[in-house]
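Note sheet for the following structure.
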Amino acid sequence: MDKRFAVILAAGKGTRMKSKLYKVLHPVCGKPMVEHVADEALKLSLAKLVTIVGHGAEDVKEQLGDRSEYALQEEQLGTAHAVKQAKSFLAQEKGTTIVICGDTPLLTAETMEAMLSEHQKHQAKVTILTARAEDPTGYGRIIRDETGAVVKIVEHKDANDAERQVNEINTGTYCFSNEDLFRVIEQVSNENAQGEYYLPDVIEILKNEGQTVAAYQTPQFEETLGVNDRIALSQAEQFMKRRINHQHMKNGVTLIDPENTYISPDAVIGEDTMIYPGTVIKGNVKIGADAIIGPNTEIVDSIIGDRTVIKQSVVCDSEVGVDVTIGPFAHIRPLSKIGDEVKIGNFVEIKKTVFGDRSKVSHLSYIGDAEVGTDVNLGCGSITVNYDGKNKFLTKIEDGAFIGCNSNLVAPVTVGKGAYVAAGSTVTEDVPQDALSIARARQVNKEDYVKNIHKK
Ligand code: UD1
Ligand code: CA
């Protein structure tokens, strides 16, 4: 196989987005467009990936990290000018260079492979990925001669009426013989409606040299959607959502209402897990088998074990074991590690806490900066008082302890193994193992007090 290289064009500002965020960083299903493109490109066994950056260069670099090399395009003079910036990385190489726009997030590696096979088959110098569009407005049009051979690409703004009737569009994805690309790109001029150096002009130049120009028309128009504005962004979101959700359903996950289920492209979900509507799964999430998630639940960058049930709750940057029940209306905040067979009930907030196996906190509690052992019962209204306005302190509740309702545990403090805390206590000192701590005022009953007031 020829050596393969890829160039992602990501230097444009994206004026039509009307946004502070650079176009290629706009997320589709929670993942920036340019990252979708890079991840698919990297499936093609590339020898090199070069991303052309300009507007928001630092942000794009941060997003892709060392997955790519970067060439800076200081002024955005057009797509051919953008590709030229990769010259020092690629011009001396022999092989095939794939050029992809950073704003086509739905393009798959399979479609790029199909284009590459076509390229190989025809021994072409360039192969264009084309598609038929219902509404080709805005796209470059593929102009073929009477034999059906591609002659050139005309940009929408430069096209005459007859050319605008053509609904076969340039998807902005191509593969080139690397040497020929960097040789002829020098000849591209900017004499056109936009005063830009157009990459598609390379096709006409190669054609006029008598080189083989090929086109691969994908039946998947959806994949080639170029996102230039927020309307296209919402369409991309719909298509991507459908693609992700179908994949999970094929893998054996039940989605009760896929249109109202939002799953990140990086999520992994086990068989027979059921997801109810209004569920949003963001970032790196792993959910086990036979779990029940939702309705109206948000899970971000977390691991959820088998058979765990999470209803109307938020789980963020945490790990949850197997056979756990969470919610309704619980909030598991970052850096929490919830063990197996745990019960976390309604209106409970947990933050940066290790919560041991079989422990329970069933109602109306805040447990933060804590280490809770196994088989602990935290009664309704248990609060860890973890913050003095400046610093956070640790609460330790050892195995088998029982915390009575409406208790404050003022950290730093430890409740020993098997100890009891009486309801309504405000515990400020450590409780020894197996002790009962009562930290509240004694009850005083004033006989006939009320009756006497009314007499006055
Ligand atoms: C481009 C194609 C068009 C095709 C369409 C497919 C050209 C001239 N036109 O048009 O034929 O139908 O894509 O979606 O190539 N960029 C740079 N530097 C620049 C200019 C652009 O890096 O100087 C990047 C942009 O960030 C973007 C990509 O190139 O990711 C495409 O540019 P864009 O302005 O969106 O081109 P289109 O008008 O959509
Ligand atoms: Ca575009």
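Placement of Cβ uses the backbone N, Cα and C atoms for every residue, glycine included.
Taken from TrEMBL as is:
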- His363: active site, proton acceptor (ACT_SITE)
- 9-12, Lys23, Gln73, 78-79, Gly140, Glu155, Asn170, Asn228, Arg333, Lys351, Tyr366, Asn377: UDP-N-acetyl-alpha-D-glucosamine binding site (BINDING)
- Asn386, Tyr387, Ala423, Arg440: acetyl-CoA binding site (BINDING)
- 1-230: region 'Pyrophosphorylase' (REGION)
- 231-251: region 'Linker' (REGION)
- 252-456: region 'N-acetyltransferase' (REGION)
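Sequence features annotated in TrEMBL and their locations in the structure.
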residue : record                                        : Cβ neighbours (10 Å)
Leu9    : UDP-N-acetyl-alpha-D-glucosamine binding site : 28
Ala11   : UDP-N-acetyl-alpha-D-glucosamine binding site : 27
Lys23   : UDP-N-acetyl-alpha-D-glucosamine binding site : 24
Gly78   : UDP-N-acetyl-alpha-D-glucosamine binding site : 22
Gly140  : UDP-N-acetyl-alpha-D-glucosamine binding site : 28
Arg333  : UDP-N-acetyl-alpha-D-glucosamine binding site : 16
His363  : active site, proton acceptor                  : 16
Asn386  : acetyl-CoA binding site                       : 23
Tyr387  : acetyl-CoA binding site                       : 12
Arg440  : acetyl-CoA binding site                       : 15
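Put simply, of the recorded positions His363, Asn386, Arg440, the one whose Cα is nearest the Cα of Leu9 (UDP-N-acetyl-alpha-D-glucosamine binding site) is Asn386.
Checked against Tyr366 (UDP-N-acetyl-alpha-D-glucosamine binding site), the binding-site residues Asn386, Tyr387, Ala423, Arg440 differ in C-alpha distance, with Asn386 being the nearest.
For the pair Arg333 (UDP-N-acetyl-alpha-D-glucosamine binding site) and Asn386 (acetyl-CoA binding site), the Cα-Cα distance reads 15 Å. Taking the Cα atom of each, Ala423 (acetyl-CoA binding site) and His363 (active site, proton acceptor) are about 14 angstrom apart. For Tyr387 (acetyl-CoA binding site), the spatially nearest entry among the binding-site residues Lys23, Gly140, Asn170 is Lys23, judged by CA separation. Of all Cβ atoms in the shown protein chains, 19 besides its own fall within 10 Å of the Cβ of Tyr366 (UDP-N-acetyl-alpha-D-glucosamine binding site). The maximum pairwise C-alpha distance among Asn386, Tyr387, Ala423, Arg440, the residues recorded as binding acetyl-CoA, is 22 Å. Distance from the CA of Arg440 (acetyl-CoA binding site) to the CA of Gly78 (UDP-N-acetyl-alpha-D-glucosamine binding site) is 74 Å. Tertiary proximity for the region 'Linker' (231-251) is limited to same-chain residues at least six positions away from its ends with a CB under 8 Å from its CB atoms, namely 17, 26, 28-29, 33, 36, 105-106, 222, 225, 258, 261-265, 267, 269, 271. Only Leu9, Ala11, Gly78, Gly140, Asn170, in sequence order, out of the binding-site residues Leu9, Ala11, Gly78, Gly140, Asn170, Asn386 have a CB under 6 Å from ligand 1.
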